[in-house]
């Protein structure tokens, strides 16, 4: 059995997921090629296959993985597009590669770096990079506050994003030194994080808060863009 065969979901399941992905992406306004859709489904298959080994997600069902991980991550793509077709992004606390792997697939002109402190999760991220042939994806292990541009990472980032990393104020404090001029920090949240916003550090303010609608997901989702004085 080839690597390609091992990572594929059963045909019926894959067809069902493909329809769900196509409908969801269309509803979100995200254009995906056949190759991109295939890569996203291969990624779901990798998550499902290796979850028990790497402890990547509490979700076990591939359909729910597609909804709660893939479509949820795709929902931010139209909003991050304001940074252009060739931006550099850092995904902090990436875990199984979310949303960074999805961004690397959906935005092939972007350079995406995944960051986590857990080595086995970085190992899975590197495996996903290799199996999905994502040349625009990099992996760096370590605490984000210790990373230095020009050393641990090549340069500062236009976009720093997190899906489930920390309190918003802590996220901004720990990652702000890696934001490039003109860049910003984006936090994916569930319910509106008003208390967290109230604790933002000096020199940081909310530029916009977007209520997201994720297809097939009955849950609140918000995307918060934080602007920094030093990055303006």
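Backbone N, Cα and C define each Cβ position, glycine as well.
Going through 111, 163 against Swiss-Prot, the one listed in the S-adenosyl-L-methionine site together with 93, 98, 144, 145 turns out to be 163. Counting only residues at least six positions away in the same chain, the Cβ atoms of 115, 116, 144, 162, 163, 164, 165, 166 sit under 8 Å from the Cβ of residue 93 (S-adenosyl-L-methionine binding site). The number of other CB atoms found within 10 A of the CB of residue 163 (S-adenosyl-L-methionine binding site), across every protein chain shown, is 21.
According to its DSSP assignment, residue 145 (S-adenosyl-L-methionine binding site) is helical.
Largest Cα-to-Cα span within the S-adenosyl-L-methionine-binding set 93, 98, 144, 145, 163: 19 Å. In sequence order, 174, 175, 177 are the residues of the chain that are 6 or more apart from residue 145 (S-adenosyl-L-methionine binding site) and have a CB within less than 8 Å of its CB. For residue 144 (S-adenosyl-L-methionine binding site), other Cβ atoms within 10 Å of its Cβ number 23.
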